[in-house]
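Feature annotation from Swiss-Prot assigns ATP binding site to Thr263, Ser264, Gly265, Thr266, Thr267, Gly268, Ser269, Pro270, Lys271, Asp493, Arg508, Lys599. What Swiss-Prot lists as N6-acetyllysine is Lys179, Lys182, Lys199, Lys340, Lys398, Lys510, Lys544, Lys570. Under the heading N6-succinyllysine, Swiss-Prot lists Lys182, Lys478, Lys544, Lys570, Lys599. According to Swiss-Prot, the feature transit peptide maps to 1-42.
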Amino acid sequence: MAVYVGMLRVARLCARSPRVLGARVGLSRVWQEARLWGVRPLSSGELDHTVPLPVGGFSYVQGHVGLHLSNKTVGRCLDATAQRVPDQEALVVHHENIRLTFAQLKEEVDKAASGLLSIGLRKGDRLGMWGPNSYAWVLMQLATAQAGIILVSVNPAYQAMELEYALKKVGCKALVFPKQFKTQQYYNILKQICPEVEKAQPGALKSQRLPDLTTVISVDAHLPGTLLLDEVVAAGSQEQNLTRLRHTQQFLSCHDPINIQFTSGTTGSPKGATLSHYNIVNNANMIGQRLRLHQKTPEESRVVLPSPLYHCLGSVGGTMVSLMHGVTLILCSPVFEGKKTLEAISRERGCFLYGTPTMFVDVLNQPDFSSYDISTMRGGVIAGSPAPPELIRAIINKLNMKELVVAYGTTENSPVTFMNFTEDTVEQKAESVGRVMPHTEAQIVNTETGTLTELNTPGELCIRGYCVMLGYWGEPQKTEEAIGQDKWYRTGDIAMMDEQGFCKIVGRSKDMIIRGGENIYPAELEDFFHTHPQVQEVQVVGVKDDRMGEEICACIRLKEGEKTTAEEIKAFCKGKISHFKIPRYIVFVTNYPLTVSGKIQKFKLREQMEQHLNL
């Protein structure tokens, strides 16, 4: 393994003062890339295996810099891939019966980008994409980037109030959506906050509540006051509009904003994390490198994506990784369905599967699971929330996903900052979120003093590097609260780092329970309770207590048909976890309060439990 001189110098600095990294402004490129005399250069195949170890006995690590960062825009990356593998299948939309090669995808994207410019949108304007996974979603994602327009990822479950907040927050000039999906009638929801659309001239909307919104585009139906997406794309094929597109592209920079993604709002109103071409292109490239997609044949690298495109795991881990590495992306359904996911794997010969722990649980629990052909499966990515070790082992063994990796990140970090290598052991995958990604610094600091923690000691995880967002759109104060002057982004996650650089997420800083002076991390207890044979899901929160400050409350959802008691659960804990970690309260529940994106809102769960327990 290569050893970096810069890392050795940092180790000596850390040994003298754990605070030095908090004020450091960054290593020079020469310092970063210097190697000890006599250490041979690395081949391209070895680069991502060169993971520097934590230094000085402290929880700090810097990813290697052997892989060069790209200055290309998303559009230039699509151009390059279409030129390199024009006939390679790029996109399969299983539920729409659509198949496109990279050459065909580029042609359609160019026309759509040209069409958006032809209707008056310009570089820097914001366009909201509001709807479930579809061909139109991918088309808008890439076309906006090609034209310098900023894509705003709007949750397809948003109702009128949430939609109004999002569109006003970032000043959306255009909005694209299907007429409806299941019970979600998008046009009717828009009319609740923008009744003027029914009588508006298409492309000339004037709305009292949404003053920035001028253009509404319907994906699949002629609706009053809207343009039809097919007509916009058709207009883009005209030569004068393509000329305008080529002119616009001359002024695009990799550091321009490309995407605004709203954080989940588990602790308040959603914030618009703003990402650049530079953020997304490089993160996608490094995800694919660590998955070894660049070393696989087209038949070995077909990616099935049930994750929503409005999340970073879908848009970056899915669309952008496919684009960067020339692999086939398969969208299996508009929204996640376990059965549809298995159908896509079987029919499309899927090799890699991306998803959250909940998605994988549903796939594994399909009653006809054994009837599907999963022989082509090789690996995938699990991310989005903590995954119990038992689930990791089940995915690897039952889904034939020996190359499964766990990924960790945040929307604000584009998103992935830690990830396993495919060849890590099952234990390393089950007990950690892997090791730091290239060109990324990570440190864990004491939440009270801000100093570096020693190895294997919990603290707040902070990230610095190319991946950190440009900021929260229109909220400089919140941006400054999240990203310090030293450019460290504070994740709010409590983590530990071991001697090999493996990182374990143990909870959110706001979720940490302090019981009689003892720090207790809910994720640790949740992992433990998942070993109980009757427990399907569990969430642990702290509830107020006059004597101890906080007490532990375990909110348990049992497997279907199972019954047990609080006393039996507590008996299960004895002798297996410390006595002060045994919950005082055990509450059996059937569901949890969720955000619209499906994340559990622990602050609401805490409120519900305190009310339920009359505290």
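Cβ from N, Cα, C; glycine included.
Swiss-Prot feature annotations superimposed on the structure.
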{"residue": "Lys182", "record": "N6-acetyllysine", "DSSP (3 states)": "coil"}
{"residue": "Thr263", "record": "ATP binding site", "DSSP (3 states)": "coil"}
{"residue": "Ser269", "record": "ATP binding site", "DSSP (3 states)": "coil"}
{"residue": "Lys340", "record": "N6-acetyllysine", "DSSP (3 states)": "helix"}
{"residue": "Lys398", "record": "N6-acetyllysine", "DSSP (3 states)": "helix"}
{"residue": "Lys478", "record": "N6-succinyllysine", "DSSP (3 states)": "helix"}
{"residue": "Arg508", "record": "ATP binding site", "DSSP (3 states)": "strand"}
{"residue": "Lys544", "record": "N6-acetyllysine", "DSSP (3 states)": "strand"}
{"residue": "Lys570", "record": "N6-acetyllysine", "DSSP (3 states)": "helix"}
Return only the integer: C-alpha distance in Å from Lys478 (N6-succinyllysine) to Lys271 (ATP binding site). 9
Quiz question: given the recorded positions Lys271, Lys340, Lys510, Lys544, Lys570, which has the greatest number of C-beta atoms lying within 10 angstroms of its own C-beta? Lys271
Which entry in the list of binding-site residues, Thr263, Ser269, has its Cβ near the fewest other Cβ atoms, using 10 Å as the limit? Ser269
When distances run from the Cα of Arg508 (ATP binding site) to each of the modified residues Lys199, Lys398, Lys599, the nearest one: Lys599
Given the recorded positions Lys478, Arg508, Lys599, the candidate whose Cβ has the fewest other Cβ atoms within 10 Å is Lys478
So if I draw a 10 Å sphere around the Cβ of Lys398 (N6-acetyllysine), how many other Cβ atoms end up inside it? 14
Lys179 (N6-acetyllysine) and Thr263 (ATP binding site), compared by Cα position, are separated in whole Å by 25
Modified residues compared (Lys179, Lys182) - the one with the fewest other Cβ atoms within 10 Å: Lys182
Can you give me the Cα-Cα distance between Lys199 (N6-acetyllysine) and Lys570 (N6-acetyllysine) in Å, rounded to a whole number? 63
List the Cα distance (Å, whole number) between Lys398 (N6-acetyllysine) and Ser269 (ATP binding site). 39
Rounded Cα distance in angstrom between Ser269 (ATP binding site) and Lys599 (N6-succinyllysine) is 14
Which secondary structure state does DSSP assign to Lys199 (N6-acetyllysine), in the simple three-class scheme? helix
At the Cα level, what's the spacing in Å between Lys510 (N6-acetyllysine) and Lys544 (N6-acetyllysine), rounded? 14
Between Lys182 (N6-acetyllysine) and Thr263 (ATP binding site), what is the CA-CA distance rounded to a whole number of Å? 25
